[in-house]
Amino acid sequence: MLRLSLLRSTATLPVKCQRRGLILPAAAMYTLGSLIFGKEARLADAMERGELHNKNVDYAKEAEERTELRIRALANTRSMEPRYNGHVPLHRYEKLLLFAISGWNSFFHPEDGYNIVQLGEATALPVFLENLKQTMLSDSSGRRILKEQPNITTEILHMDKLAKLPHNTFGYVYYQWLKRENVSPDTRAPVKFIDDPMHAYIFKRYRQCHDFYHAITNMPIIIEGEITIKALEGANLGVPMAILGGILAPLRLKKVQRKRLYNIYLPWAVRTGLSCKPLINVYWEEMLEKDVTALRKELKITLPPDLRTMRKERAALRKEIDAKYNSQKRATTPA
């Protein structure tokens, strides 16, 4: 038996060696062919681009120029040349697509601010922005804002200074609101899809002032608070997206939330928006040291019921009712 096993092992040995002898030369030929033909292919490409036999040509510069030509060719497919930093010109059909997609996403995913940003610009029609421009031109503060074009950032507002202001000032109220809601004026998205530079700035100004509206009305950034402020903006400024939000956004809320909005906050927002001064004309940066109560009176803004308090009271009431129900259920359940 031992002899038979040795014979079998020695019989298979040449076959394995033969296979290994075939595989190794094939692998070597493949590697050598790749080097030769790959090099020839690269040489052919370089010859086609004219990068051989001329040591005086800056090939890196030529490659950069070719890239620039491709970018220009792509830019020529746009509806116009960009008119300001960050401008993305769109054709009409692209604007319609932007409106449809952002509108759909905003309705089903309102928690994603990017959808709201896109919908805002998609619905910011030139006629609306021109009307807002005329509103600003008719007011001395509005004209100054258009002329100076301030940019609202934490650096400009000096947040450390706001934290030390008297507690009755609007600046301190604004600072505390930012801190409580954990937001910053630096997080506002830039305007990209509005073509006219002045219109783009006006919409940027509207967007950057949004948090001031929250702070002066003591409205949180939860969904009910956002809908309320959008309704205020729609009534006061005629912002199309804000009007749409005030009408459609409540449809996806819980019954108790819709009831609060329809009975309390939306009527307040519409009434206040129609009666107060155009908020786009307020130079908020210059109002930070004013008494907040006096500023509200000057702007004809009345405070709504505290939304945070109402939500807490309802949560406490629901917790109390649940506790009573569970207690009664345990009492009536036989041991």
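Just so you know, glycine gets a Cβ as well, placed from its N, Cα and C.
Per Swiss-Prot, transit peptide is recorded for 1-10.
All chains included, 19 other C-beta atoms sit within 10 angstroms of the C-beta of HIS210 (Zn(2+) binding site). Per Swiss-Prot, Zn(2+) binding site is recorded for HIS210, ASP211, HIS214, GLU226, and the stated evidence type is sequence analysis.
All chains included, 20 other C-beta atoms sit within 10 angstroms of the C-beta of GLU226 (Zn(2+) binding site). Of all Cβ atoms in the protein chains displayed, 22 besides its own lie within 10 Å of the Cβ of ASP211 (Zn(2+) binding site). In this structure, HIS214 (Zn(2+) binding site) is part of a helix by DSSP.
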